[in-house]
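Engineer: Dropping the structure in here first, questions after.
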Amino acid sequence: MKESIFSKKRILLLGSGELGKELVIESKRLGLEVIAIDRYEKAPAMQVADYSRVIEMGDKNILKNVIKEFKPDYVVPEIEALSIEALKELEDEGFNIVPNARTVEITMNRDKIRDLASKDLKIKTAKFDYIFEFDDLEKKADEIGFPLLLKPLMSSSGKGQSLVETKNDLQNAWKQAQANSRGKVKGVIIEEFINFDFEFTLLTVRKENGENIFCLPIGHLQSNGDYQCSWQPLEIKESLIIEAKRMTSRILNNLNGAGLYGVEFFIKGSEVIFSELSPRPHDTGMVTLVSQNINEFELHLRAFLNLPIPRIDLIEPSATRVILSNQEYLNPIYEGLYEALEFEKTKVLIFGKPVSRKGRRMGVVLSSNTDINLARKNADEAALKIKVSTT
């Protein structure tokens, strides 16, 4: 008989942002104990966790010590900026890293996941190369062709990503990528710009027995690589979804760790082009909080806890739109909440970040409707009602 009592299971969350906050909430519903770790105080997930700690997660010894102190049953990374050496050593010592240390390492570095997909598994991607010195950039840019994309090898939420139109833009794009690179890696990936028709996320649950379960595709729009809105379901040809599932299965069969994965694709004509993969709940997947009978955070938990995952159903077509700050505030407040909640079947999530910055994601609006276009319209208009401010 499978173990069914989880009240004494302990999860240590590495990174405590808005996605981590929702994961903690779902963990508490299952009776789990959660420790939330981040590099700053009062991070969103810390506000709902049992315990929290502020540390430098990129320091191997500090990270190992705090994990050994709390002795969690599961170590669950939510971000890329952490010491992979610590996780690999702890896994060798018997700690359970979700989904596993190898997958965390491959997906936190754009070069490793791109090499796995393109070179090892022969999956179609944009043309790309890696540059570690600015002097090599101009020559490689001529080979790739303009416009092109320049990204840090390690970053999150699109930070440091630039669309480079001409040679004159290379210097500034290089500086931007260097300034926003996480960890010790200072190289960049130079990438062909694909004038795609649309992009989407395929949330995929990998079970311990190796089965892959797919959610309905999620459409999304980005600005400078950062998610702005999403909607589910996305209208897309069945043949394209079949190919995306095939590509996803090939990658996950190689990574082979239980959990939820956010897999991003471009569509150009009849081509399916692999973009990126995250081994954890995905920002575009926040729409599943209202669109699905089992949201992405609960799916992640069920997968790595080896709990049953029944059929994933669409409750109703739904959409999201982020709430952005236009400047820096300490202890920000939110105006227009009343007006935003006047929209039918609409919810507002305020993440609770202690400091706002220009362009920082501070919350999200979720809206449902039998008409997906109306759900998107309501989410967009409700988000415009909310202004981040200060007293």
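Glycine is treated like the rest: Cβ placed from N, Cα and C.
The following feature annotations were taken from Swiss-Prot:
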type	residues	note
BINDING	GLU18, LEU19, GLU78, ASP283, LYS353, ARG360, ARG361	N(1)-(5-phospho-beta-D-ribosyl)glycinamide binding site
BINDING	ARG110, LYS151, SER156, SER157, GLY158, LYS159, GLY160, GLN161, GLU191, GLU192, PHE193, ILE194, GLU199	ATP binding site
BINDING	GLU264, GLU276	Mg(2+) binding site
DOMAIN	115-305	domain 'ATP-grasp'
Engineer: Where does GLU18 (N(1)-(5-phospho-beta-D-ribosyl)glycinamide binding site) sit by DSSP, helix, strand or coil?
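Structural biologist: The residue in question, GLU18 (N(1)-(5-phospho-beta-D-ribosyl)glycinamide binding site), is helix (DSSP, three-state).
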Engineer: Going along the chain, which residues six or more apart from PHE193 (ATP binding site) have their CB under 8 A from its CB?
Structural biologist: ALA126, PRO147, LEU148, LEU149, LEU163
Engineer: Return only the integer: C-alpha distance in Å from GLU276 (Mg(2+) binding site) to LYS353 (N(1)-(5-phospho-beta-D-ribosyl)glycinamide binding site).
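Structural biologist: About 26 Å separates the two Cα atoms.
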Engineer: State the three-class DSSP label for ARG110 (ATP binding site), counting H, G and I as helix, E and B as strand, and everything else as coil.
Structural biologist: helix
Engineer: At the level of the C-alpha atoms, what whole-angstrom distance separates ARG361 (N(1)-(5-phospho-beta-D-ribosyl)glycinamide binding site) and ARG110 (ATP binding site)?
Structural biologist: 23
Engineer: Could you check the binding-site residues GLU78, GLU276 and say which one's CB has the most other CB atoms within 10 Å?
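Structural biologist: Of the binding-site residues GLU78, GLU276, the most buried by Cβ count within 10 Å is GLU78.
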Engineer: Other than its own, how many Cβ atoms are within 10 Å of the Cβ belonging to ARG110 (ATP binding site)?
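Structural biologist: Other Cβ atoms found within 10 Å: 22.
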Engineer: Distance check, please: Cα of ARG110 (ATP binding site) against Cα of GLU78 (N(1)-(5-phospho-beta-D-ribosyl)glycinamide binding site), rounded to an integer number of angstrom.
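Structural biologist: ARG110 (ATP binding site) to GLU78 (N(1)-(5-phospho-beta-D-ribosyl)glycinamide binding site), Cα-Cα distance: 16 Å.
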